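Quick look at what Swiss-Prot annotates:
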type: BINDING; residues: Asp12, Ser62, Asp444, His445; note: Mn(2+) 2 binding site
type: MOD_RES; residues: Tyr36; note: phosphotyrosine
type: MOD_RES; residues: Ser62; note: phosphoserine
type: ACT_SITE; residues: Ser62; note: active site, phosphoserine intermediate
type: BINDING; residues: His123, Arg153, Asp154, Arg185, Arg191, Arg261, Pro262, Asp263, Arg264, Lys336; note: substrate binding site
type: BINDING; residues: Asp403, His407, His462; note: Mn(2+) 1 binding site
Amino acid sequence: MSKKPAALIILDGFGLRNETVGNAVALAKKPNFDRYWNQYPHQTLTASGEAVGLPEGQMGNSEVGHLNIGAGRIVYQSLTRVNVAIREGEFERNQTFLDAISNAKENNKALHLFGLLSDGGVHSHINHLFALLKLAKKEGLTKVYIHGFLDGRDVGPQTAKTYINQLNDQIKEIGVGEIASISGRYYSMDRDKRWDRVEKAYRAMAYGEGPSYRSALDVVDDSYANGIYDEFVIPSVITKENGEPVAKIQDGDSVIFYNFRPDRAIQISNTFTNKDFRDFDRGENYPKNLYFVCLTHFSETVDGYVAFKPINLDNTVGEVLSQHGLKQLRIAETEKYPHVTFFMSGGREAEFPGEERILINSPKVATYDLKPEMSAYEVKDALVKEIEADKHDAIILNFANPDMVGHSGMVEPTIKAIEAVDECLGEVVDAILAKGGHAIITADHGNADILITESGEPHTAHTTNPVPVIVTKEGITLREGGILGDLAPTLLDLLGVEKPKEMTGTSLIQK
């Protein structure tokens, strides 16, 4: 019996905008895409910012896009998750934070807050520190100390004073907190097992050892005078009038490490929490029994509490298809294979029962502008064969070209990439339609739609432009205002499968 497959076709990096200059999507001849756009119901989807769980205005990417598509819901990335928690009041009700504060209050101990002191948004955000200071004040703490790690990488190399001034203003306004130590991230956030660096940061925080200054701004001024900028500032101790350190991390104190990205938070956390730590000698009087809180899950090796626990993505599209006994195919070339498999399945490597995967090797060229068609024709040939063999109920396909060639910032090769994809798209969709099936044609984020900056330079990054969605089924209407998280419910809708409660996205097909 002939299967009537429903396919989700992702044209990676295929964004939409009206302006044609530097817009390979608009400049390319794409008769098949245009035919489907004109013949079938279509809309645009938001694929950036909070609609995909990123901060407002931030461009999407392939990992985030495929996570949202497969999950059928907005998957909040750590930064946005914490921002939303602050905005909606969940942050100050977070039990892990409250327990750390109770430990300090009930045992007359200090609360130490440490993390990267910037608004770079890659490892941390200074607003999260301010929210912790407000919470500490609200809960009546007085002994609150900040150990600031200077950035200079995710923000400008000499911006530390801006952030220290912001922090000093907040301390004054909120009425709690003192800066106890300052160190460049080169020391406190090493991830390459350069323990001599980590030890310097540790000794400043735990023992009050290192160069000493009366204020954080003095540390920076002195460093700059010696040609040492933010990232590389030597771990330094802030002292009181009598020359004693403002604070040292001591036995039984509470610590909240407000970085959200794990990789550069693990080593310094292990130094404070791991009973079997052997990478350098912490000394006899190292602080023990700390109530140590990580903002997110850093590592199994870190012996601490986690404020924002990992979100397990249950009932992604692949799992739901499998539960209903439907056969599914995931197909892409090497560059986007992890996206249609691992990310589409919510971070799961293993196949679901009834899932088949086809990997087509990407061409071995230095850069893809040298071969803009990449392996699109091979992907198409393999898929058409599968469709004709009536094996699959659902197909998830990615064409990598608009994104991978778009990253070159070169208009002509990207036009060629899109024209190759359009040719393949026509054969694939027509094969599906010939079987009585349906296709959803869409994208995960923009890229090929802006290849030239306003100043005429090559534009190699993703864009925040909307992406298309076409459903090749006549007699239906698609609603406006859709997001990537609505695609899985739409695919299930085409297959007559009810979406699970975990999928908070809704089908784009109007009822």
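Glycine too: its Cβ is placed from the backbone N, Cα and C atoms.
Swiss-Prot feature annotations superimposed on the structure.
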{"residue": "Tyr36", "record": "phosphotyrosine", "contacts (Cβ under 8 Å, 6+ apart)": "His42, Val429, Ala439, Ile441, Ile470, Thr472"}
{"residue": "Ser62", "record": "Mn(2+) 2 binding site", "contacts (Cβ under 8 Å, 6+ apart)": "Asp12, Gly13, Lys336, His339, Phe343, Asp403, Asp444, His445"}
{"residue": "His123", "record": "substrate binding site", "contacts (Cβ under 8 Å, 6+ apart)": "Gly115, Leu116, Asp154, Met189, Asn259, Phe260, Arg261, Arg264, Ala265"}
{"residue": "Arg191", "record": "substrate binding site", "contacts (Cβ under 8 Å, 6+ apart)": "Asp263, Arg264, Ile266, Gln267"}
{"residue": "Pro262", "record": "substrate binding site", "contacts (Cβ under 8 Å, 6+ apart)": "Thr296, His297, Phe298, Ser299"}
{"residue": "His407", "record": "Mn(2+) 1 binding site", "contacts (Cβ under 8 Å, 6+ apart)": "Tyr368, Asn447, Thr460"}
{"residue": "His462", "record": "Mn(2+) 1 binding site", "contacts (Cβ under 8 Å, 6+ apart)": "Gly13, Ser48, Met59, Gly60, Asn61, Asp403, His445, Gly446, Asn447"}
(message) I'd like the Cβ neighbour count for Asp444 (Mn(2+) 2 binding site), meaning other Cβ atoms within 10 Å of its Cβ, all protein chains included.
(response) 33
(message) Among Arg264, His445, the binding-site residues in question, whose Cβ has the most other Cβ atoms within 10 Å in this structure?
(response) His445
(request) Determine which residues of the same chain, besides Asp403, His407, His462, have their CB within 8 A of the center of the CB atoms at the recorded Mn(2+) 1 site, and list them by sequence. (result) Asp12, Gly13, Asn61, Ser62, Pro402, Met404, Gly406, His445, Asn447, Ala448, Thr460, Ala461
(request) With a 10 Å radius around each C-beta, find which of these binding-site residues (Asp12, Asp154, Asp403) has the fewest other C-beta atoms nearby. (result) Asp154
(request) List, in sequence order, the residues of the same chain other than Asp12, Ser62, Asp444, His445 whose Cβ lies within 8 Å of the centroid of the Cβ atoms of the recorded Mn(2+) 2 site. (result) Ile10, Gly13, Ala47, Gly60, Asn61, Gly65, His66, Lys336, His339, Asp403, Ala443, Asn447, His462
(request) Determine the C-alpha span of the substrate site listed in the record, that is the greatest distance between any two of His123, Arg153, Asp154, Arg185, Arg191, Arg261, Pro262, Asp263, Arg264, Lys336, in Å to the nearest whole number. (result) 33
